[in-house]
Amino acid sequence: MSTFKNEMNGNNLLHVAVLAFPFGTHAAPLLSLVKKIATEAPKVTFSFFCTTTTNDTLFSRSNEFLPNIKYYNVHDGLPKGYVSSGNPREPIFLFIKAMQENFKHVIDEAVAETGKNITCLVTDAFFWFGADLAEEMHAKWVPLWTAGPHSLLTHVYTDLIREKTGSKEVHDVKSIDVLPGFPELKASDLPEGVIKDIDVPFATMLHKMGLELPRANAVAINSFATIHPLIENELNSKFKLLLNVGPFNLTTPQRKVSDEHGCLEWLDQHENSSVVYISFGSVVTPPPHELTALAESLEECGFPFIWSFRGDPKEKLPKGFLERTKTKGKIVAWAPQVEILKHSSVGVFLTHSGWNSVLECIVGGVPMISRPFFGDQGLNTILTESVLEIGVGVDNGVLTKESIKKALELTMSSEKGGIMRQKIVKLKESAFKAVEQNGTSAMDFTTLIQIVTS
């Protein structure tokens, strides 16, 4: 990439505005991607815009401060003296309501401070207003979609899906045939806002996003080209340019994490593909009856397990479970997931099927058992189970003793589980090939640099 550095030595008038969504796992991967671009374009100015809370978190833990990236704090949209109503989505809705004007205000500050007009907008794909804003500034617009290509296509097709389902209630929608290469979908498989909860601010934002993304100079996505060619082709037909610049856990700098609970050392003591790893992410915990069912299933099946557990396991798990399973299981408050999934002892990952977790499974070559909760997780489960055939969803999307034991025995002990393992290893090889020099993701990243910094 050194040729870019040589070419860009004179490009000190370029100014890239980066607009980050402050909730969930959105801002961190966008910053990682921008840091990688900024490293290749040291004379280009990058202004990173996000809320104070998120900026404080992102930049306080960053070990590498690049001189050409400066962050600016954007108002979070909460009114003065705000008191939470108890609705966890309320801060998101308030941010969305005010974000367009709040971003504009701080962008003006950055332009005045640097003396450089904005030449490119790199935004979270959620920010549909990037199309008009870039046009006003005579700048390029490059949005980043941090989830999978299949879920993005449902948002591009929202009007088509709503037309097909008409005015039916969600429970009356039996099947929807809309994603190429996917089986027919139920309404419950689709992300919120496509045909349900369509009037809430988040759904409105996603609907507008699907309509506006075709105006972008390029749409970058956290994926690689061979994961689903049919979806890839469909998105290519809708956008000016689709750039696969993932998987991010291979293509962007990864923060070093500690293993304070000794998970990797514990795994070293076990045989290949013998351990069940369990984590449902940092947002949702299964309800009490599902936690009980999972604990009882693990105890009965007898597989060794590591469980990254939110909350107090003594309070939330069956009485005596910790004592009875202490030689077989390890329950920790936090686990180095990426490193665990790369460990040869791990045989399956019981997960909520967030997109980052799916990609981490692929890079680790570990099949998955999915218990989806919300968002794109239902679609991700269908992708891994029915399309890629590298995992299985629990029956009816609920953790019961029967559904868990069935899924564990299928993935860990059956011939079908062995076939899943073979398929995900092939997909892993494709992911690594994509990020090699002249690989599809590597070449798309080169194109991304050219667009953003020229």
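Placed from the backbone N, Cα and C atoms, the Cβ positions cover glycine too.
Record features (Swiss-Prot):
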- HIS26: active site, proton acceptor (ACT_SITE)
- ASP124: active site, charge relay (ACT_SITE)
- THR25, SER282, SER308, TRP334, ALA335, HIS352, ASN356, SER357, GLU360: UDP binding site (BINDING)
- ARG89, HIS155, GLU192, PHE202, GLY375: myricetin binding site (BINDING)
- ALA335, GLN337, HIS352, TRP355, ASN356, SER357, GLU360, ASP376, GLN377: UDP-alpha-D-glucose binding site (BINDING)
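For SER308 (UDP binding site), the count of additional Cβ atoms within 10 Å of its Cβ stands at 21 [all protein chains shown]. All protein chains shown were included, and the count of other CB atoms within 10 Å of the CB of PHE202 (myricetin binding site) stands at 17. Nearest in space to HIS155 (myricetin binding site), taking C-alpha to C-alpha distance over the binding-site residues THR25, ALA335, HIS352, GLU360, GLN377, is GLN377.
Cα to Cα, ARG89 (myricetin binding site) and THR25 (UDP binding site) are separated by 15 Å. Spacing of GLU360 (UDP binding site) relative to HIS352 (UDP-alpha-D-glucose binding site) is 13 Å (Cα to Cα, whole number). For SER308 (UDP binding site), the nearest of the recorded positions HIS26, ASP124, GLU192, PHE202 in terms of C-alpha separation is HIS26. Comparing CA positions across the binding-site residues GLU192, PHE202, ALA335, the one lying closest to GLN377 (UDP-alpha-D-glucose binding site) turns out to be GLU192. THR25 (UDP binding site) sits 17 Å from GLU192 (myricetin binding site), taking the CA atoms of both as reference points. Nearest by CA distance to ASN356 (UDP binding site), out of the recorded positions HIS26, ASP124, GLU192, PHE202, is HIS26.
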